[in-house]
Amino acid sequence: MTDLRLAPAALAAWCVAWLLTGPAAGLSGPATWWAAAAVGTAGLGLAGAGAGAGAGAPTRGTAHGFRSAAAHVALAGACVLAVAVSAHVQLAGRAPLTALAGQRVTATLTGVVVSQPEPFAFGAGGGADGAQRYRWVLAARTVDARGVGSVAAGHVQVLSAGLPRYGASVTVSGSLRTADPGRAEAARLTTDGVPETRAPPAALRLLDTHRVALLDVTDPLSPQARGLVPGAAIGDTSRLPEDVADEMRASGLSHVTAVSGGHFAVVVAVLTLLCSVARVPRAVRVVLVALASLTFVALVRPEPAVLRAAVMAAFALAGVALGRPAPSAPALAASVVGLLVVDPWLARSFGFALSAAATAGLVLLAAPLAARLEPWTGRAGAFALAVPSAAQAACGPVLVLLDPAVSTVSVPANLLAAPALVPATVLGLVATVLAPWVPGVAGVVAAVAGCATWWIAAVAHVFATAPGAAVPWPGGPAGAVLLALATATVLWVVLRGAPRRGWPEPWRAAARSAVRDALTGRWRRVSAPRAPGGGSPDTSRTAGRDRTCFVVLLAAACVVVLVAVTAVPRLVGRAALPADWVVAACDVGQGDAVALRTGPASAVVVDVGPAGTAAGRCLDRLGITRVDLLVLSHFHADHVGGLGPVLAGREVTAALVSPVAEPAAGAAVTGAALAAAGIPVRAARTGERGVAGSIAWRVLLAGAGEGANDSSVVLAARTGDLDVVLLGDLEDAGQAALVPLVGAVDVVKVAHHGSAVQSHELARRLSPAVALVSAGRDNDYGHPTREALGLYAGAGAAVVRTDECGTVALVVRGGEVGLAGC
């Protein structure tokens, strides 16, 4: 029986960490601490209730049972207390960074680079100057602002023009801003300068040499191999083609390039096998595997899933060293608690949650599912099916929080791709080791690994493009709970009772005979043997019942699949806008109002439509309670008239308005309303940029033309995986001035409601995937015009009109842009 005695302690510790690191966390949040105490108390109760149930051993009397329960309650209490104390200490260390970020000061930080820097795509280039920018995380040690220096202990997300190396000590100066609530980073810093660096330690420099050398030897390979071989070996996806990455996500194979427990298992298994062949003593074997594991963590970078796998590997090695193999369930629970003590913000990491959930699914469900499948598929086939099924069942509720859809192809895709994963990983690592020393040999090994990754990419392509590859599902916590209940119900039905006998013997005989005849080229009809006297054997009635039951179940399954693929998407499509929307164009009639999502309840809002409550109701429907940045492109009534309902009941951090106060009456009324609400207001300047929530934005043009329309604030933003440009009401001169400043984007808000005044060159340069046209139904201006619609359709865009669709939202799922609400 699986030992689950540590599970309540781990769950309670996780809940406490999640509460203490949330938006309300801090030294001045007593309600959060009381909530954490309540969760911890519940965890203690669960630990006491299940103290004797995990190992399945009978207790020796009531006194022994009480002692056992008391011991487990004490252990759970220690786990919860350790996490709470750690969170308290780390929140105190982050306090200087959090306070300065709230004041939006310019600061100088020193610290160590603790994440692999990655390119930050923004529009056609990097920053406003076109330079490439990089995003990375700094473990800050000191902060200097306003001439005062202090010690700091917290992570800061940095966006810089320079590319520091992982593990380097750096000094960086820039604008400090608050991070999104609940993130592991205490603040964000944006800098135009290149960080001053001191080299990483020698060991990290050596490993970086191997990483770079692997990229060099895989450079001549096919595009999929150039991306997947480094991805499968060391988790480097910098060269993975976007279409391959999208197909990997859609087919449930993205874990191939996300180094975690599976990769650790391959590495440890290969090393253990080599040590066994070489008859290495157990003590030496443990040391070698431990050193290799530490090296592997440093090579692939200590991401949450990697850390979880490494800690579990450490428990397994300790068990081998002591001659007492560590059970998987207690090792998982202990590793979760230990990592949460070190970093409580891991409780909010989806990567960590998916890694822990997948491992729990394998530990708890793989063997029982395999036992049910074995009579039907044989032992090897049973485990081949049970492993991806168990992982999918455990991870499904977490995945729904990221993408409100349920994959129907992940299990078969993983089943077919699994045989290629081990050679791809092992050969990729061999190429990594050899690359700096014998690049020619490493190139050959990498090419062979590329054959394995070709199969993985082919499987991903086939399943990602299959009809019904994903079924829409309600998003958010409610959707996750619903899927968890549905999964639990299915598992209860499948796992209850004793395993069945499997296929009826006559069916097995027929299958064996068919295979034999196919191999020998002979075909004959196979029927069940007749009993003496012409009757059927005793098993015929049972076999008939089994066949009838099987046919009924198969028919029912077909009906369920048919309903899921056809009816469910339609039903979900009629529901509210999806929780994972990225860009929304509000139906405000003849006017503009666009929201760019920055968080669960926050957005950048560009224009507020004409007078009336339409814009306010749209933001209510989207769940927006905070506006991180309000942009008013110009002061015409169809862009600022709905300001009052938008401000009512919402926190607005700042407003950015057109520098041209025309028409004067509209500018005066708008300014008075913003001042009365106490909102900081500034006139937009061409070239300025900033960060609002999770969005990086910049002003492409502001006040560049004559008149209110051509002086519109033109905003470019990077939100989620989309590049967005909003053109305001630009006319000829403004659009012509914008042409040299832009490149290809994903979404454009078409200028002036789709009027006839549109630049062909601008549309060609933007070449958007989606063109949003905000106009009122049956308006008196004839917007949008055929010319505008044809222009952007000819540029390759899907044209979406609010006068036809109402309020629409764009989502990004599986790397593709989707439309909801139309």
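Using the three backbone atoms N, Cα and C, a Cβ is placed for every residue, glycine included.
Just so you know, TrEMBL annotations are computer predictions that nobody has curated.
Within the listed segments 329-346, 725-742, TrEMBL records transmembrane segment for the stretch 329-346. Most Cβ pairs under 8 Å to the transmembrane segment (305-322), among the stretches 352-371, 414-434, 441-464, 476-495, belong to 352-371. A contact between the transmembrane segment (414-434) and the transmembrane segment (256-276) is present, since 3 or more of their C-beta pairs, 6 or more residues apart, lie under 8 Å. Note on the transmembrane segment (476-495): residues 365, 368-369, 372, 393, 396-398, 400-401, 404, 406, 579 of its chain, located 6 or more positions outside it, place their CB under 8 angstroms from a CB of the stretch. Outside the transmembrane segment (352-371) by six or more residues, the chain places 2, 255, 260-261, 304-305, 307-309, 312, 328-329, 332, 336, 339, 346, 379, 382-383, 385-387, 389-395, 398-399, 491, 494-495, 499 with a CB less than 8 A from a CB of the stretch. When each of 256-276, 283-299, 329-346, 383-402 is checked for Cβ pairs under 8 Å to the transmembrane segment (69-89), 329-346 comes out on top.
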